[in-house]
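Listed in TrEMBL:
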TRANSMEM  D:48-66  transmembrane segment
TRANSMEM  D:78-98  transmembrane segment
TRANSMEM  D:104-123  transmembrane segment
TRANSMEM  D:130-149  transmembrane segment
TRANSMEM  D:155-175  transmembrane segment
TRANSMEM  D:204-225  transmembrane segment
TRANSMEM  D:256-274  transmembrane segment
TRANSMEM  D:295-322  transmembrane segment
TRANSMEM  D:334-355  transmembrane segment
Amino acid sequence: ETGACLITKTDTNPFFVKMKEGALEGAAANGINLSTFAGKYDGDVETQVAAVETCIASGAKGILITPTDSRALAPVVTQAREAGLLVIALDTAFEPADTADATFATDNFKAGVLIGQWAKAKMGADAANAKIALLDLNASEISVDYQRDNGFLQGFGIDIKDPTDIGDEDDPRIVGNDVTNGSPDGGRQAMENLLQIDPEINLVYTINEPAAAGAYEALKAAGKEDGVLIVSVDGGCPGVKDIAGGVIGATSMQFPLLMASKGIEAISAFAADGTKPQNSEGLDFFNTGVELITDAPVDGVPSLTSEEGLNKCWG
Amino acid sequence: MTNPVVKASGIVKRYGHVTAIDHSDFELYPGEILAVIGDNGAGKSSIVKAICGATIPDEGEILIEGKKVNFTSPIDARDMGIEIVYQNLALSPALSIADNMFTGREIRKEGFLGKFLRMLDKPAMETFAREKLTELGLMTVQSIKQPVETLSGGQRQGVAVARAAAFATKFIIMDEPTAALGVKESRKVLELMKDVKARGIPIILISHNMPHVFEVADRIHVHRLGKRLCTIDPKDYTMSDAVAFMTGAKEPPAEITA
Amino acid sequence: MTNPVVKASGIVKRYGHVTAIDHSDFELYPGEILAVIGDNGAGKSSIVKAICGATIPDEGEILIEGKKVNFTSPIDARDMGIEIVYQNLALSPALSIADNMFTGREIRKEGFLGKFLRMLDKPAMETFAREKLTELGLMTVQSIKQPVETLSGGQRQGVAVARAAAFATKFIIMDEPTAALGVKESRKVLELMKDVKARGIPIILISHNMPHVFEVADRIHVHRLGKRLCTIDPKDYTMSDAVAFMTGAKEPPAEITA
Amino acid sequence: MSDATDKASEGQSFEQNLDQSAKEVAQFKVKNTSLLNRIQHLLHNNPTLVPVIVLVISLIAFGFIAGSKFFSAFNLSLILQQVSIIGILAAAQSLIIITAGIDLSVAAIMVLMSVVMGNLAVFMGVPSGLAILTGMAGGVGAGLMNGWFITKIKLPPFITTLGTWSIFYALLLWLSGAQSIRGQDIDANASFLKFFGQSFNIGGARITFSAILMVLVFVVLWYMLNKTAWGRHVYAIGDDKEAAEMSGIRTDRTLLSVYGLAGLVCAFAGWASIGRVGSISPQSFYEGNLDSITAVVIGGISLFGGRGSIMGALFGALIVGVFRSGLRLSGVDVLWQVFAIGWLIIIAVAIDQWIRRVSA
Amino acid sequence: MSDATDKASEGQSFEQNLDQSAKEVAQFKVKNTSLLNRIQHLLHNNPTLVPVIVLVISLIAFGFIAGSKFFSAFNLSLILQQVSIIGILAAAQSLIIITAGIDLSVAAIMVLMSVVMGNLAVFMGVPSGLAILTGMAGGVGAGLMNGWFITKIKLPPFITTLGTWSIFYALLLWLSGAQSIRGQDIDANASFLKFFGQSFNIGGARITFSAILMVLVFVVLWYMLNKTAWGRHVYAIGDDKEAAEMSGIRTDRTLLSVYGLAGLVCAFAGWASIGRVGSISPQSFYEGNLDSITAVVIGGISLFGGRGSIMGALFGALIVGVFRSGLRLSGVDVLWQVFAIGWLIIIAVAIDQWIRRVSA
Ligand SMILES: Nc1ncnc2c1ncn2[C@@H]1O[C@H](COP(=O)(O)OP(=O)(O)OP(=O)(O)O)[C@@H](O)[C@H]1O
Ligand SMILES: Nc1ncnc2c1ncn2[C@@H]1O[C@H](COP(=O)(O)OP(=O)(O)OP(=O)(O)O)[C@@H](O)[C@H]1O
Ligand SMILES: [Mg+2]
Ligand SMILES: [Mg+2]
């Protein structure tokens, strides 16, 4: 029986929980004995390193990993590959990407760009006077955080300066950044704070949909829920329902189940005859795709409705 | 002879290599003041702690009013009306004098406030506490709301003694109650003990003060090397005999050894 | 008259509403045993603590051997060779007897181990500690490695007294050193005090035990209501006079009040 | 027999004049009652005033730094509202810290109970009231579980609640599938869960019910701790558990009641958090434990137990809220906010210590 | 004068026979020395054996549950290696907990110093040795900063290190720009930083230098704590600070040295972590504080200070490592791993408590 490991960033984020479910299903179908591991929090390098080591020790054939730090995990992953394991990065690429044998990921920057473009088109002429609130993840600015944030701003047509830095922009339309820890209570508090700085905010970027839900509550409490656009990234089912319910204007949907099942297939193939997966053309990773979900489609940005989204959403 | 209030036999308590009580017996009779004397470290505190449940002996049997008891905590003893003045006093340092005096039997306000809101009647408790301290002659306590940790050593001891004397119904154990007290305050404690005895409540008094012991005790239990060496009647023996027995300078005559 | 070793004047210490020392004076002369007596809470412990830096007085001046001192911690006093037996003993409960006796002046092994690896010479410290306890007649301490918290009240006090007597070079303050001690052990402490005095080291003795005080003291400082009421010579006054002065039963004659 | 005379029941000879000794309680004239002196005494007798002073100072300071936006009635009421959940948790935490314990599981209990209420009311069709009652009972149960380990198995509170924190956290992830329950679903099926999210306006200030709940919780607990025998026992246990036991307090029973009550308060916080956050998210309040402990300590309650007033924790929570809000409004970058809050925690407590020392 | 006779310097009359009193040290025959009794005495005198026993039991248990994979020399050495960083942190934490303090900033100091070393050596061209020395000095400085607040400003250690934790954390995010330093870059410019990542094999086991460092740190600190005067002072301070001060220990100076030393140990942990992880990540070890405290408490060191052997923390760290590894290898779902670890913490400490109580 072929052994494989799935190492996710955390086991608390529904995104990774779904990824795990997808992987376990795929593993069962392919006759793979899958062990799962997770860090205790975003950025928990130590636990992921230990997990990779345990995988090597357990004689697994391959590892699926969402690296919690795209650089710091490189040495131990190299060890694993030297020990003959197939290593596939899911969701987040390593730096450089060829640290792993393959990467099955969403383009988080692209996901940001999509909602940025949508917001710009949706606001039309008002975009020039937009007042933007940016609700990010946390103070440590991990890659998902800056990629989504900067992608959104670029899509909206703002000069992002350093694409790996949050908050270095000087466009006057940006009211401010605040952190949410990706949870609704953080989203609400951050939104309240930014509203205090400028009550005229009319566009809100959020790191994920739970934060968006919290931001919406703050807007509602301030009686501003109608005039403000909220955009987000993830594509969890509650998020898609929030699109339908008018809470969120648009969100970029990712496909964790696809990443997981592709990953399992790749390991199964590798175990059978040693073939390694290929990247998408022109990219240094295999793109599992992003879809913009909105009930107010705009020209030039292809999108799905919330109804269509509900069939594809992952949680 | 009447039945003893407390009858303990064959009590043993060891801590690792250290033996604190070594097959000791103990009796307290109704209405008496029993003094327990002995060298430092002889095991006096240990044996009274075993009687009131503050330590659980390794071996032996304790009967209170003829019934076997197995206290697991001093609260069990207290519920039977046994009060103890511990050598280390057992006061809560940050609480006030009144709070300490009433722990576990606080006075509640009359009427609705007390019955339903369970509100404490602090003035009543403070008045009572002040009264008791005055009875002991502790006139230097300037504020009855002072936390106990700010009291002088003797003032603290006074609080512990007053508490025990006020609430006991079965018997009182006093472990060196006058050690830190002044001349006047010690005298008051001795008077208090006589009062308590007059109320019919027996007392176990541990003390190193021979004149005090010989003044108030009806019987003296001499403790030596973890066990009872003998019991003597203060009318039959002198202080120097007692001291000689307890320090091992003299062997007690066979008829009183136990 | 010779110059005093300690001369304190106008010392005041207040805690919120409570006055512990109220403009008190104090003197200790070379080679004497000075007894300090007074009611519980009179402020005896407070004034000696002020002298050795354990509390910092609000007002007043302290001279030691004629030089003004401003101790901020008892360590300053200790560095001058002043040792104190505190009423609450100041022992570290979880440490062994030997460790407690030597805190701050441990003995190190000879040679390389001691010099470079700074290794303690535990056997030497334990032998010394056992010797000192034996000198005090504390024969019931079964293991010298026992943590102090497992000792009986009197055994603990013995450890504190032995420590102070062994290391003092300037003077010793003893705050009720025999309170918890037995007859034999108290006697040994009194002998020890006489020895120390014979070595030329003066002692401040706080005690409620009048026979002890009158036996060893060269001079008696009577403390009342936070200040020195008078100083008496034990040869000129009886115990009952002293007790009467300290409890406020009698006014001392004008020539001895201070 | 040379000591025969000493046997006379009249005591030793030197005690003969004792009956003439003084009979009044000692009193001293205190001369200087300058203003400073009187303030010192006031603080000495009411140590809770210290965090109040720190709070006022920081309000004024941020009024200057962050400008009028900060000092508006609206913003001040917003701080109150933002603080309310952590404030309620801090009340539970205070109870436990006063007994010389510490509870690392308060936030996990809170979130777990909000998930329980939500699952029952939103997905399983249980009437909201019953769902809430179940959550409350669950909170008490979780608290009692902590208390049981601490009193019966004699585990240290720190390690117990470190363990149960993992346990509760795993349970809440399992129950929720790591997924949040949406605000709209709650509104549709169980709007009573959002009861504490309601608010009313007075003169520009918006007061939410959760803020009122917080104040109520503190007042009730303050009453219980200071005016009832139970409260005295709680302090005595925190002060010196062994002494408390020896002086007749049933320490185990009292501790159990404290942990159970704290669990109930956490469940209330969970209910209130649904109103505050608008949805139920298993990811919320992950650092709630540390935040609640911070509030308690800034409020002057000793981590060693037995000292400090629970009201301090309320002011402690408010101080943290004021710092956070003031820094955001002053436009400080998130990174430097973390930095500044570190300093401000230290400085706030240093001021507190300093004032206490001066007044000691 | 009626009491004239009492003035005789020969003492009171009843003391006349004292010179004949017994003169040997008390001794008792202890009859029953059954095996159980002797084991009890052994444990009583060597409480560190208790975590050792728990460790052995859990090793055996997981040997059964997780099978031969778990019990291989390789996996056991892997556990040692995985535990090494948290183990070193636990050594620093033990030092502080023995003084009745607690340090929430150990992990932040460690990561900050690894970032400092990395920045200097990799990006600024400073020779590795010098970069490491700077990091060490920084660790001492950070520790002294904690110690200064605690001794001079008299802040409680908990709140001090909660504050400095934020401060150090903000600094390390700032210094690193929240970016990790790549393993390749370290190899190219400053491979000495990875010194502790090296390893050698003995009979299937791979022993890394970081594991050796951990053991060394514990041995040295154990020696200092148990065989030198300084160590006795550290214990005395933790036991009762006021008594220690009164009996002549310069408590402030000793505490400062403890915090400085702990900072140095954290810096060593930082250096070792570079070798262990292979790169320098500002996000790693965010929960290192709690993990180190867990190890210390499971190792039987009292959070109230003054009691317990530092060696206990080593075994505590190993116990946690064994649990984690065993659960992982048994294929337990992550969620239920969290759940199980919660229970296992509680059960491990319960066993510890139980054995101690039996042997008391
Ligand atoms: N917890 C304990 N652990 C170890 N030994 C103990 C413990 N408690 C008491 N002992 C020992 O038991 C013996 C008896 O102690 P105990 O306190 O009963 O003496 P005592 O007669 O009351 O002495 P004192 O007059 O000094 O109060 C002493 O040698 C003491 O060291
Ligand atoms: N920290 C403190 N806070 C408030 N009051 C205090 C404090 N320390 C001492 N006092 C008060 O000061 C007075 C003097 O206390 P002190 O300990 O000096 O008495 P003492 O003469 O040594 O008595 P004893 O013979 O009982 O030991 C007492 O009334 C006591 O309550
Ligand atoms: Mg005793
Ligand atoms: Mg005194």
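Note that the numbers count up from 1, one per residue, in the order the chain is shown.
Glycine too: its Cβ is placed from the backbone N, Cα and C atoms.
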Inquiry  = For the transmembrane segment (D:295-322), I need the partner stretch with the highest count of C-beta pairs below 8 angstroms, choosing only from D:48-66, D:104-123, D:130-149, D:155-175, D:334-355.
reply    = D:48-66
Key: Remote residues contacting the transmembrane segment (D:256-274) - C-beta distance under 8 A, at least 6 residues beyond either end   = 84-85, 88-89, 91-93, 95-96, 99, 103, 106-107, 109-114, 117-118, 132, 135-136, 138-144, 146-148, 150-151, 186, 193-197, 209-210, 213-214, 217, 221, 230, 234, 280, 284-285
Ask   = Okay, the transmembrane segment (D:104-123) and the transmembrane segment (D:155-175): do they have at least three CB pairs under 8 Å, pairs separated by 6 or more?
value = yes
Ask   = Cβ under 8 Å to the transmembrane segment (D:104-123), counting only same-chain residues 6 or more beyond its ends: which ones?
value = 85, 89, 92-93, 130-132, 134-136, 138-139, 142-143, 146, 158, 161-162, 164-165, 168-169, 171-172, 175-176, 181, 185-186, 189-190, 192-193, 262-263, 266-267, 269-271, 273-274, 280, 282, 284-289, 292
Ask   = Residues of the same chain, at least six outside the transmembrane segment (D:130-149), with any C-beta under 8 angstroms of its C-beta?
value = 103, 105, 109-110, 112-114, 116-118, 120-121, 155, 157, 160-161, 163-164, 168, 190, 192-193, 255-268, 270-271
Ask   = Who are the long-range neighbours of the transmembrane segment (D:204-225) in its own chain, taking Cβ under 8 Å and residues 6 or more past its ends?
value = 72-74, 76-78, 80-81, 83-85, 87-88, 91, 94-95, 98, 195-198, 231, 234-235, 265, 268, 272, 275-276, 309-311, 313-314
